[in-house]
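Peer 1: According to TrEMBL, the record shows the following:
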type	residues	note
ACT_SITE	Lys262	active site, proton acceptor
BINDING	Gly11, Ser12, Gly13, Asn14, Trp15, Gly16, Phe43, Phe113, Ala169, Arg328, Lys355, Gln357	NAD(+) binding site
BINDING	Lys136, Arg328, Asn329	substrate binding site
DOMAIN	6-184	domain 'Glycerol-3-phosphate dehydrogenase NAD-dependent N-terminal'
DOMAIN	251-397	domain 'Glycerol-3-phosphate dehydrogenase NAD-dependent C-terminal'
Amino acid sequence: MSQKHKVVVIGSGNWGSTIGKILAENTREHSELFEENVSMWVFDEDVDVPDDKTLRDQLGDKPVKLTHAINTVHQNLKYLPGIKLPVNLIANPDLQDTVKGASILVFNLPHQFISKTLDQIDHQHLPYARGISCIKGVDVADGTVTLYSEMIMEKLGIYCGSLSGANIAPEVAAENLCETTIGYDGPPMDYKQPDGSPQDNLIKVDEQRQSKSKPSHVKLHPVPQTYPHVDSGLLKKLFSRPYFNVNVVRDVSGVALGGALKNIIALAAGFVTGKGWGENTKAAVIRIGVLEMVRFGRIWFPQSVDERTFTEESAGIADLVTSASAGRNFRSACHAVEKGVSVDEIEKTELGGQKLQGTSTTRAVYEFLEKQGQREQFPLFVFVYDILEGRTTIDSLPEVLDKESKIKAY
Ligand SMILES: NC(=O)c1ccc[n+]([C@@H]2O[C@H](COP(=O)([O-])OP(=O)(O)OC[C@H]3O[C@@H](n4cnc5c(N)ncnc54)[C@H](O)[C@@H]3O)[C@@H](O)[C@H]2O)c1
Ligand SMILES: O=P(O)(O)OC[C@H](O)CO
């Protein structure tokens, strides 16, 4: 092996910056495998410099570009304030320049922006790169549901796994112990085509990991053998920290789907808490939420989702519990009920530019269920949509519990 992996992270928000910190800590620690510098693509904007002598001595007191601030004081002043970032995490506002020559790309943007961002990447530069999507959400178009790991594969023609877990970013950035799950079933080093042709031919994505409604058509290049092989061992070296415990599974779809659907349930939990109901009610919402997650996987990802991901992995129940206790979706839904305003309004006024993933995921999932004629099978998901659209209130939760018990009756 003569080449080191060049690792980049696309996105620099609350979680993007936290993952960038982890990656840069690990590329420095494993410099035999990875180039030390990690480039982080920043959607650049002007940010205010806080009233802090050390920061103002270096940056002045006028607004500065976020990229300049990150590379000067090694903090993301807007999206992850107060956390020291490694000096080998280099912010770059130029997307093409960031991805050029990358062999491992970590996608960490709010899902609202991923499609347009992918369209701007000239994938000719990335013939054999591997991707990991940390994005929580699903895309719905023409009655088809697409995971972002799938969208990345399709748009860039590179293999993409997924990462998700009980990972509230500021807690991870503060290095409080937690777990995460990586879904990765990338082609092995010694992969051969069914006809025995050599592995530098294009290879086809395993159809088992594609959703039922979406036939596979992506073909992939293998990583040249001059690079260290990308497998679960290498991914652990890249993502694990003493405070960030990584489990790698083959279930890419389950990891991605758990991260998306739990945000709908976290909104429901927030509505419950905002109403002033207690932990018992929230537990009921979590219970029926898990049923609907599993049901969604069974109907539309029957061959690719391993149900154990929802119940045994950090990407499943653990993420749901943490999100329904302290996530932004939970907190925003709670404030919306307390203040008598919409969740969208809370997102605009209270999140300082951070983006909720639960509201758009709920709307996308609702549109999908409607197209598929399956709304009755998902009373909680439909209920959260109806609350967001002002068609009902959390007071109607008892009816949802009734509907769910009729579906589940055995
Ligand atoms: N924050 C968390 O605790 C957390 C934890 C785990 C997973 N996630 C997931 O990580 C993903 C990224 O979330 P985040 O918390 O890093 O983001 P965030 O909520 O902090 O979002 C803000 C980011 O969006 C960028 N942005 C704004 N407009 C843009 C545009 N037009 N084009 C491109 N980028 C634009 C901003 O520059 C900023 O980087 C999400 O899918 C989220 O669900 C978040
Ligand atoms: O703050 P939220 O609601 O976007 O959730 C954050 C993470 O997904 C928790 O794992």
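Numbering starts at 1 and runs along the chain as it is shown here.
Cβ atoms are placed via backbone N, Cα and C, with glycine included.
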Peer 1: Find, for the listed recorded positions Lys136, Lys262, Arg328, Lys355, the residue with the lowest Cβ contact count at a 10 Å cut-off, counting only other Cβ atoms.
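Peer 2: Looking at the recorded positions Lys136, Lys262, Arg328, Lys355, the Cβ with the fewest others within 10 Å is that of Lys355.
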Peer 1: Which of these recorded positions (Lys262, Arg328, Asn329) have a C-beta closer than 6 Å to some atom of ligand 1?
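Peer 2: Cβ < 6 Å from ligand 1: none of the recorded positions.
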Peer 1: With every protein chain in view, what's the tally of Cβ atoms within 10 Å of the Cβ of Phe43 (NAD(+) binding site), excluding that atom itself?
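Peer 2: Within a 10 Å radius of the Cβ of Phe43 (NAD(+) binding site) lie 17 other Cβ atoms.
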Peer 1: Quick check on the domain 'Glycerol-3-phosphate dehydrogenase NAD-dependent C-terminal' (251-397): DSSP residue counts for helix, strand, coil, in that order please.
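Peer 2: Within the domain 'Glycerol-3-phosphate dehydrogenase NAD-dependent C-terminal' (251-397) the tally stands at 116 helix, 0 strand, 31 coil.
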Peer 1: Roughly how many Å separate the Cα of the residue listed as 'active site, proton acceptor' from that of Lys136 (substrate binding site), to the nearest whole number?
Peer 2: 9
Peer 1: From the centroid of the CB atoms of Lys136, Arg328, Asn329, the recorded substrate site, which same-chain residues not already listed sit within 8 A by their CB, in sequence order?
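Peer 2: Along the chain, the qualifying residues are Asn263, Ala266, Ser323, Gly327, Phe330, Leu356, Gln357, Gly358.
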Peer 1: Fill in the CA-CA distance, Lys136 (substrate binding site) to Trp15 (NAD(+) binding site), as an integer in Å.
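Peer 2: Distance between the two Cα atoms comes out at 11 Å.
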Peer 1: Looking only at Gly11, Gly13, which of these binding-site residues has the biggest number of Cβ atoms within 10 Å around its Cβ?
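Peer 2: Compared across Gly11, Gly13, the most Cβ atoms within 10 Å surround Gly11.
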Peer 1: So which of the binding-site residues Gly13, Trp15, Ala169, Arg328, Asn329, Lys355 sit close to ligand 2, that is, with a CB under 6 Å from an atom of it?
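Peer 2: Within range of ligand 2: Arg328, Asn329.
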Peer 1: How big is the gap, in Å, between the Cα of Lys355 (NAD(+) binding site) and that of Arg328 (substrate binding site), rounded to a whole number?
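Peer 2: One finds 9 Å between the Cα atoms of these residues.
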Peer 1: Return the average pLDDT for the domain 'Glycerol-3-phosphate dehydrogenase NAD-dependent C-terminal' (251-397) as a whole number.
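Peer 2: Mean pLDDT for the domain 'Glycerol-3-phosphate dehydrogenase NAD-dependent C-terminal' (251-397): 96.
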Peer 1: Rounded to the nearest Å, what's the C-alpha distance separating Ala169 (NAD(+) binding site) and Arg328 (substrate binding site)? Just drop the number here, would you?
Peer 2: 10
